[in-house]
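First up is the structure itself, then whatever we jot down about it.
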Amino acid sequence: MSRPLLQLALDHSSLEAAQRDVTLLKDSVDIVEAGTILCLNEGLGAVKALREQCPDKIIVADWKVADAGETLAQQAFGAGANWMTIICAAPLATVEKGHAMAQRCGGEIQIELFGNWTLDDARDWHRIGVRQAIYHRGRDAQASGQQWGEADLARMKALSDIGLELSITGGITPADLPLFKDIRVKAFIAGRALAGAANPAQVAGDFHAQIDAIWGGARA
């Protein structure tokens, strides 16, 4: 398995605050995510601004698209995103059209695994060409005390076996990473664990050290 990447999630309410954290962390992460809350507040300009600030990083438009996959993908990739998220509840036609536009633009679609979905759904996404999904505990699940469990790991392994690479998020810390050693991990996504830390670059370094220890290979 390839070495997982480290993704900074920017779920800020203002672009100014998000860009301050990017300034602190852009040299310590591989991927910068324009989070859903940020994009709802700041619009398409958030993606454009992050692309300008981080010309050499992977930029994610975390829009959780449910319809109009082709149109929104064209806007996301046109603004400078490399990846765009589509919610798992979206019709397969939406995923297919979004994926087709991503292919034309040199980007990728990530399926956001929120709520109800099945492994048959995952096989359908893989069949039409999607190769990425995001597995996570949402904010509400974390607040209720939900922990990563065997059921989560079994589902992740099943998704990996289908051929999907997973970005994993939901209160992730460096100490959690050994749980996922048998999973096909594309990236670990951290928001508050990085941006909210007293020493963000040090925490990012701890993530990379754990990734190196488990998966091997130095960061490019």
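Here the Cβ of each residue, glycine as well, is placed from N, Cα and C on the backbone.
Straight from Swiss-Prot, the features:
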BINDING   D11, R192  substrate binding site
BINDING   E33, D62  Mg(2+) binding site
SITE      K64  site 'Transition state stabilizer'
SITE      D67  site 'Transition state stabilizer'
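Shown on the structure are the features that Swiss-Prot records.
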residue	record	Cβ contacts under 8 Å, 6 or more apart
D11	substrate binding site	G35, T36, I37, L38, G191
E33	Mg(2+) binding site	Q7, L8, A9, L10, I59, V60, D62, I189
K64	site 'Transition state stabilizer'	T36, T85, I86, I87, E112, F114
D67	site 'Transition state stabilizer'	A90, P91, T94
R192	substrate binding site	G171
Return the count of C-beta atoms lying within 10 angstroms of the C-beta of D62 (Mg(2+) binding site), excluding that atom itself. 26
Three-state secondary structure of D67 (site 'Transition state stabilizer') from DSSP? coil
In which DSSP state, out of helix, strand and coil, do we find D11 (substrate binding site)? coil
Let me know the DSSP-derived helix, strand or coil state of D62 (Mg(2+) binding site), please. strand
